[in-house]
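Q: The domain 'Hcy-binding' annotation in TrEMBL covers 45-359. Residues annotated as Zn(2+) binding site in TrEMBL: CYS277, CYS344, CYS345.
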Amino acid sequence: MFKHTVNLTSISISISGSSNPSPILTFLSHLHTYTQMGLKKTTSLLENLLEKAGGCAVIDGGFATQLETHGAAINDPLWSAICLIKNSDLIKRVHLEYLEAGADILVTSSYQATLPGFVSKGLPIEEGELLLKKSVKLAVEARDKFWDAVKSNPIHRYNRALVAASIGSYGAYLADGSEYSGYYGPDVNLEKLKDFHRRRLQVLVEAGPDLLAFETIPNKLEAQACVELLEEENIKIPSWICFSSVDGENAPSGESFQECLEIINKSNKVIAVGINCAPPHFIESLICKFKELTQKFITVYPNSGEVWDGVAKRWLPSSCFDDDKFELFAARWHELGASLIGGCCRTTPSTIQAISKVLKERS
């Protein structure tokens, strides 16, 4: 039996009872920590969402996967971002499908959308910037349309979703699989990575998302670039930074997560940290590892377990999780301390529906 005392004026928390506090107490403890770190005392949109969702929010699933299901041809260096140019209505349709499935957070279609990438397609910089902003606009429009349709229903079980602007790693732009190796070559240093990300970050922030999502970061250097850039640009929008992992123990570069998180833990601009697009059977042990290394919210959205060959640009036959397994393991991931849970490549709206169902039932 727990006894909690929560003073919302001073954000003080006392807990007595068991050594394993409930997820809602974990959430309150995070809120206390971030206030102590100097973040504004009023709760952020993400913290409000987590409270309404019972301590765990649902991120959407594989975006490119669903675009391909609807017939989109995305075998392109821009990957799913090619639809910003060719088929923006389809992007909004996929967002709506994930909202219907129960997603609390929409991740924009900008993962592989970069200004150098658009320029390589012959587009001027100004048009590339408009396309970046469009990725946020499409997600916001889908969110608002869906919320307007359901909010008047007194028995709906949805939350008003937040929009996270996706910022893929430098390796995602290279489209050579290096986001899964962490090796960018000897000529890529801290300043080059900050220069690469800077204008895209500025443009996405101008578009007004609720969150920023740095995704599939493969090494400590790029994590440091993201953290320093948030500080240099004085970004006010809460961010999460997610790494990939190919061995279930370390970042793809071979660097330990302890090394990587030491940098992130110093930033009060980053409110959550975690893993995306890694096999789901890695997630349980990585949540336990991250719980020991950080006080930030933990975010996990693995792929289906299939393996991507970044050189051949194809999925390799491999064992994977079906929706039933995601439902089972999502509950376990939440129990272990994950506050944001979803899916990445090769997961679908039915995967997110399974995750949402089990998490909302438990809340």
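Including glycine, each Cβ sits where the backbone N, Cα and C put it.
Automatic prediction, not curation, is the source of TrEMBL annotations.
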Q: Quick one, of the binding-site residues CYS277, CYS344, CYS345, which Cβ has the fewest other Cβ within 10 Å?
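A: Ranked by other Cβ atoms within 10 Å, the binding-site residues CYS277, CYS344, CYS345 bottom out at CYS345.
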Q: Apart from CYS277, CYS344, CYS345, which residues in this chain have a Cβ no more than 8 Å from the mean position of the Cβ atoms of those residues at the Zn(2+) site?
A: GLY62, THR216, ASN276, ALA278, TYR301, PRO302, ASN303, GLY343, ARG346, THR347
Q: I'd like to know the mean pLDDT over the domain 'Hcy-binding' (45-359).
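A: On average, pLDDT over the domain 'Hcy-binding' (45-359) sits at 94.
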